[in-house]
Amino acid sequence: MSHALKQVFNKDKTFRPKRKFEPGTQRFELHKKAQASLNAGLDLKVAVQLPPGEEQNDWVAVHVVDFFNRINLIYGTISDYCTEQSCPVMSGGPKYEYRWQDEHKYRKPTALSAPQYMNLLMDWIEVQINNEDIFPTNVGTPFPKNFLPVVKKILSRLFRVFVHVYIHHFDRITQMGSEAHVNTCYKHFYYFVKEFNLIDTKELEPLVSLGVSAEG
């Protein structure tokens, strides 16, 4: 990430500048189409479906960036309450612990505090979605063969943010009156990953077992 971007947000807040779509591009038009469906109050199960005549990878790419932006905002609202002291382990209750692994410093799955994990996660996703070799923005540039595996990894890790927020910080979300917004965002995410089979059902268990349901 550039030094200029680093200065935009406090390092203690996991809250990234929004990734925007360039006006006039196909991706921007798809983004507008997706937003229009949501704003029209369409059933979320219908809103996530691939529009006729559109390429699935383009539709998926638009949603990955959108979910990254939205989940950043959700985590940003509670990040002051997610500290080394309150959340010394990145987890979803006593049953689920999430360890960080990457190709650089953490070659083996490593237990980290939730804020450390979130910072590494958001930095890592930002690198992926800004990489033209993985998320090409020019019309006609093909998506790479590893596009869907990368997307699945991004989304499964973003899902962990929902798990942590719901299980450890939902009282704060409720206090702020943001419960409906977070629930809608989660439902949208859930229906999308189910529609395109982007997260293994087993990965979704922490919130299903908690009773957080997108059904209904």
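Note: Cβ is positioned from N, Cα and C throughout, glycine not excepted.
Per TrEMBL, the features are as follows:
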- C82, C87, H164, H169: Zn(2+) binding site (BINDING)
Local Cβ density at C82 (Zn(2+) binding site) - other Cβ atoms counted within 10 Å: 24
Which chain neighbours of the Zn(2+) site, leaving out C82, C87, H164, H169, have a Cβ atom within 8 Å of the mean position of the site's Cβ atoms? I78, Y81, S86, A114, P115, V165, H168
Least surrounded, by Cβ count within 10 Å, of the binding-site residues H164, H169 is H169
What residues, ordered by sequence, lie under 8 A Cβ-to-Cβ from C87 (Zn(2+) binding site) and sit at least six positions away in the same chain? S113, A114, P115, H164, H168
